[in-house]
Amino acid sequence: MLLRWARSRARHTRALARLYSGLGTGSSGYKECDVVIVGGGPAGLAFASALAANKALDGSVKVTLVEGGDLDKVRDWEMPPDAFSNRVVSLTNASQDFLDEIGAWVHLDAERTCPIEDMQVWDGISDARIDFSAAALGLGRGKGSSQMARLTETLNLQRGLLQHLSGQSNITLLDSTKVENIFSDDIPGGGWPVVQLSNGNVLRARLLVGADGINSPVRSYSKIDSYGWDYNTRAIVATLLHPPRIFPAFLPTGPIAFLPLSDTASSLVWSTTPALAAVLTKADPAILAGMINAAFRLPERSVRFLHRRLLEQPSLSPEDLRTEIAFREQAHTIAPHSAYASATINPEDASVGIPPHGAEALPPLVASIQPGTIASFPLRLRHAEEYIGSRTVLIGDAAHIVHPLAGQGLNLGLGDAAALARCVSTALALGGDIGSRTALTPYARERYFENHKVMSAVDKLHKLYASTAPPVVWARSTGLEVLNELDTIKAGIVGAAGGQSSARAGAGLFWDTVASGVETLVGGARVAEAVGSGLQSVAGGILQQLARAAAGPENDRR
Amino acid sequence: MLPRSRARLLVSTLARPSLRQHVCALHTSPRRLAEQQPPFSTVNDAEIAHFSRLSALWWDERGEFALLHKMNAHRMRFIREKLLSDRPPDAPSRALAGLDALDVGCGGGILSEATQSLARLGASTLAVDASAENVHIASRHAAADARLADALAFRCASVEELVREPRRFDVVCSMEVVEHVDNPAAFVRACAELVRPGGHLFLSTVARTPLAYLLTIVAAERLLRLVEPGTHTFSKYINPDELVGFFAKPLVPGARPWISRTYAHGLPTRTEAEVRGIVYVPWRGDWVLAPRATTPWSSQVNYLFWVRRPYDS
């Protein structure tokens, strides 16, 4: 009797196993998928695109992308040529090469992209600056013009990727669909992730890709912690309109980045205290415009005074602000028609005739702000402790959140997508199981340190430039000025970064440049200090102060 | 009662041949593949017990068999390269469709996953192991993967049993097995018999060199504990030239040998057989498959061996 029971049970188990093993929906109601991507942001879409574009896979990999939002809004996104969305990304050359390789670049609206050929890294306090010119430093791509990066709107990129995906048969896009739950299957020998969707589908994934942002459900399912901190800072973004002028990108090492989108429009990223951000985003747009113009032109002391004034009286009218700025200009003996005057000049007039002396060192005067584009978001740093879980992998913001200087986070995300796609194709070519840790390790090995390097460089830049302590300002300004004169070193920095092949599609030329720039900057400051100590014996004291001030912002994170 | 660690030490000194014996083995270097008559079963009960005990760990990719998991991609690269050398890979993800493959000593099924990879790459694959536990683990793990259902089968069997059956294969793999069997010559002969004319035989093992002793036994087992102590037995390692020599002689009296000539360092013609070193690089945490044109130094420790059965043998 017992024997018969055992035998029938064995038969039952075998029948079950056969049911499970059939492709498609098993008896458990799971739908079998090779790759499930959660999140339809740029990183998720780019990864799906890269898989779709890989001819070597010849459709043998079934990919499902799940997105909570409505992707039709992105697909049908349209804007007049002279208006721009406020979320802008500067795509590094490496990111562009990747998009080009997978065939997505042609789907981007080229009219809505703008190359960055010249760039100024500029100290908001001491006015020290360093110029990078792509042409002079021999940067850029073989085809087309030389450029350091290309600015475009995030929506333009997403729309392009969606268009690229629309013709692919092995990619299923499920938008307006939320992930309700992720759990492990209970199939013997399995333990694969199962994703329960709001539309009733239940997907069993060989590989679950978390491209689902800072509060990634995939990361929580994988039990991967992330570490990091919040900067006590918010970034204000807006689209600025100004009289036509061609000008270099002003890099956000100081508080404000001013990035050209076209001759008449620019993108703003202004990192500032949460209190000031709250006032500026709620106030009359003319106030923000006035403050931006003043920030580039008035000495730092006065700019700080204006900030305090606005915090004390958030209801300040644009006229009052204009009077205030005009008064400060007078106090600093800035002539009413010089390049450094903003309150007494109508921006429209400034573009007529010969520009005053020194105008090329400044971004154009902001005339107005495109309505509805002012927004702000908190600055944070997060890095997952691992990228790989049990049949799960993290890419993009789910893996790392970086101080959003010129949209580097997105470039890192695209780098992740490229590396993961490469890793998956290699594993497939060797018959590997793409969900296994062994198959995914090359991805983590390629990206983790690479991302960490860029995040760390950006973090140090933020801390270096967040300080207003005189020794720090002196050291960084001296370093910057010294560096700017040494063309060979400058070319060396960029040259070393330019030597890397685009196939690596790493963190990108530009940020490697900045990363090594920071290192050199520190070296430059040291040289300057050595010179200083020869002349004055107080250099030792300065060094001590410097060390103390440098330790100051470091302590913030704890 | 002895403390645990001491008991273990006692067992290990009793159970393993002494270092002196190993050194003797280095000097005398008996031809391991010399025929031992009469051929008996190649299954070694102690080895089977050892791997059965570890069978639950096969699929912990960071545990006992981490090194094997990492090695698999490189083995597959070699296998793929050899199998596809005479046909263009037009559909890379199903490159091996239509081939019959056998994996002897599949363990937890890693390689048979690779063979299964062979299965994933389209080959219909049979994986056998003499340990019932291993076969159980391997088939359970594979059952969770729907894509493998049609292409992969598992059996608990020894290679001698298979030889008695009529089925023959295009590809026979036996990875890291030869150094664990009794009478390796009979084992290799049986594997070779299972290959169809024109088919391929892949073996991988460890060379019997001082360096191999140092790395696989002293370093990996005793110092770093990357591998469970007792996994390897130095005297059972096989040198590449012994394998080449084995196939340079006729397997059946009067038949054509699989390797017709050899060159300097005893290397065979590349169209007939190949020895390729595979080296673990600790600071990379990964294996490196030696390039084709390297000195025999690369195959001083782990190596892969490929030989092709002539159509007329």
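In case you wondered, yes, glycine gets a Cβ from its N, Cα and C as well.
TrEMBL labels come from automatic prediction, so no person has curated them.
As annotated by TrEMBL, S-adenosyl-L-methionine binding site applies to B:Arg75, B:Gly105, B:Asp129, B:Met175.
The Cβ of B:His180 (Mg(2+) binding site) has 24 neighbouring Cβ atoms from other residues within 10 Å, across all protein chains displayed. For the recorded site, B:His180 (Mg(2+) binding site), the DSSP three-state label reads helix. Look at TrEMBL and you will find B:Glu176, B:Glu179, B:His180 tagged as Mg(2+) binding site.
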Long-range Cβ list for B:Gly105 (S-adenosyl-L-methionine binding site), cut-off under 8 Å, min separation 6+ in sequence, same chain only, gives B:Val128, B:Asp129, B:Ala130, B:Ser174, B:Met175, B:Glu176, B:Val177, B:His180, B:Val181
Taking only the CA atoms, the spacing between B:Glu179 (Mg(2+) binding site) and B:Arg75 (S-adenosyl-L-methionine binding site), expressed in whole angstrom, is 17
Excluding B:Glu176, B:Glu179, B:His180 themselves, the Mg(2+) site's Cβ centre has within 8 Å the residues B:Gly105, B:Val177, B:Val178, B:Val181, B:Thr205, B:Val206, B:His232, B:Lys236
The most crowded of the binding-site residues B:Asp129, B:Glu176, B:Glu179, judged by neighbouring Cβ atoms within 10 Å of its own Cβ, is B:Asp129
Per DSSP (helix/strand/coil reduction), B:Gly105 (S-adenosyl-L-methionine binding site) sits in coil
Once DSSP output is merged into helix, strand and coil, B:Met175 (S-adenosyl-L-methionine binding site) belongs to strand
